[in-house]
Amino acid sequence: MEPVASRLCCPACWLPCLLLLALHGWPGAGAQEFQLLQPQGAVSVSAGETLTLTCSVTGLAPAGPVRWFKDSGSGRRLVYADAGSFPRVTRAVSGSDTDFTIHINDTRSEDAGVYHCVKFKKGLGADEEFRSGSGTAVSVSARPSAPSVSGPPSRAEPGPPVTFTCTSGGFSPRDITVTWLKNGAKLPDPQTQVLPAHQSVSYNVSSTVGVSLTRADARSQLTCQIEHSTLPAPLRATYTLSDVLRVPPRLQVGTAPAVPVALNTSVTFTCHAEGFYPKDASLTWLENGNETNLGKSSALSENADGTYTLQSSLEVKATEQRSQSMFTCRVVHDSQPPINASAMLRLSQPPAEPGKDPTSSAADSYLSEEKKIYIAVAVVCAVLVVLVIAVIYLIRVRQRKGKSSPSVRLHEPEKSPGPAPQDSDPNNLTYADLNFDKQKKRTPRFVEMSPQSEYACIQPAATEDNLTYADLDMVHLSKSPKRPAPRPEEAISEYASVQIQRK
């Protein structure tokens with residue numbers, strides 16, 4: 001019987017058999033080359049979800065662990081290793097020598113980055129890096145946080161714009177849209193800023209808008225709306241404008257019956273404080289600046305636009321002591337300075353003096369008014385008369401200056417210091433000097449005048465020895481030609497003799 005080996009290995013099969021025996025006997029013969037596989041190039045995940053990173057090895061590898069790292073260089077950070085505690089990271093297949101896939105639970109914005117699966121080998125001291133995966137870029141799409149709207153630090157009155165701010169953060173990617181609405185209507189020109197300006201794993205947004213408040217904004221709402229790629233629907237935050245609105249009251253004071261009123265009439269003063277917000281308001285009455293507690297306030301009422309109205313009344317008697325008294329309604333609203341409105345109590349006729357008939361006061365008043373009118377007319381007439389006299393006087397003065405008329409002097413004969421005779425001579429004469437101002441003439445000439453002369457008759461008054469007036473009627477003096485040199489005793493003027501008849 002042939003040996004088994006001779007039957008199995010015929011001469012034609014010896015070569016293959018020898019090759020098989022040689023390969024089986026050599027160390028490492030037939031072993032595969034080591035490979036580290038990290039197939040994911042980029043992965044996108046939403047914040048809060050679980051991130052799965054795949055890594056596997058094939059072939060024979062030196063002894064040593066496989067670990068996961070995030071980023072590289074100085075920012076490299078260990079994500080997972082078999083030794084250590086990593087609360088949010090677990091292995092997909094625990095204890096496997098070929099599958100090193102991991103799961104990162106509750107993904108956050110800071111989990112974005114590049115992850116590497118790294119094979120280490122045992123060294124003389126610390127483990128040495130043997131092979132590293134190509135890396136997986138992870139991006140985390142983070143939803144923005146719920147927006148928050150803030151307003152001014154204190155209440156504002158209608159008028160100038162008031163600034164409101166809307167903020168949100170922790171979102172990625174960077175693109176985001178912020179819209180402002182007032183009562184559903186879009187507001188123009190909001191100022192929106194996304195920070196940081198450079199590349200980051202997450203971003204924050206801040207948007208401001210100016211809103212001009214009105215008296216009707218007690219029930220108005222301001223809305224900040226945010227839209228982002230990670231959101232299935234926009235996020236909104238609402239701000240009630242009544243939280244910052246202050247509307248001062250409008251005051252109106254009236255009387256019933258209307259003033260002026262008759263003496264001892266009951267008069268009701270009414271104060272309306274309308275359209276104010278918030279409702280914190282107090283109303284008081286003052287009489288001539290002194291506070292009185294006689295006012296009666298009604299219940300606070302709310303208007304259709306959300307503002308409030310407060311009413312108070314004060315009933316007084318129109319006595320003589322209260323005539324011309326000032327009644328003031330004072331409102332203190334929301335700890336602001338007081339607002340006042342006043343009305344005066346007036347009587348239809350002034351109070352009667354003691355012991356005087358009240359019915360005569362109206363007649364006295366009428367007479368006093370009539371006297372005032374007469375006095376005014378008299379004063380005006382007197383002024384006009386004075387003006388007329390002054391004008392006439394000025395005209396006369398100017399006429400006298402223009403005519404340059406001669407002066408007339410009436411002289412009586414000198415009386416001797418001795419005793420006067422008892423019987424006056426009826427033929428006593430008085431003369432008048434008619435002085436003519438001589439005008440300078442360039443060419444001397446002789447003027448011949450008629451030698452005629454008239455007389456001046458002085459008529460006495462009814463009473464004896466009283467001269468009333470003198471009637472100088474066309475006194476013509478005969479002037480001779482100019483003489484070469486007058487004598488000293490001659491006067492410049494000539495005279496006319498006037499005879500006075502006495503009784």
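Glycine residues also receive a Cβ, built from the backbone N, Cα and C atoms like all the rest.
Annotated features in TrEMBL:
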COMPBIAS  137-156  compositional bias 'Low complexity'
DOMAIN    27-117  domain 'Ig-like'
DOMAIN    144-240  domain 'Ig-like'
DOMAIN    249-340  domain 'Ig-like'
REGION    135-160  region 'Disordered'
REGION    403-429  region 'Disordered'
REGION    478-503  region 'Disordered'
SIGNAL    1-31  signal peptide
TRANSMEM  373-395  transmembrane segment
What else in the chain is close to the compositional bias 'Low complexity' (137-156), if you only count residues 6 or more beyond its ends and a Cβ gap under 8 Å?
41-47, 51, 53, 107-115, 162-173, 176, 201-202, 205, 213, 222, 224, 226, 228-231, 235-239, 243-246, 334
Which residue counts does DSSP give the region 'Disordered' (135-160) for helix, strand and coil?
0 helix, 11 strand, 15 coil
To what whole number does the mean pLDDT across the domain 'Ig-like' (249-340) round?
94
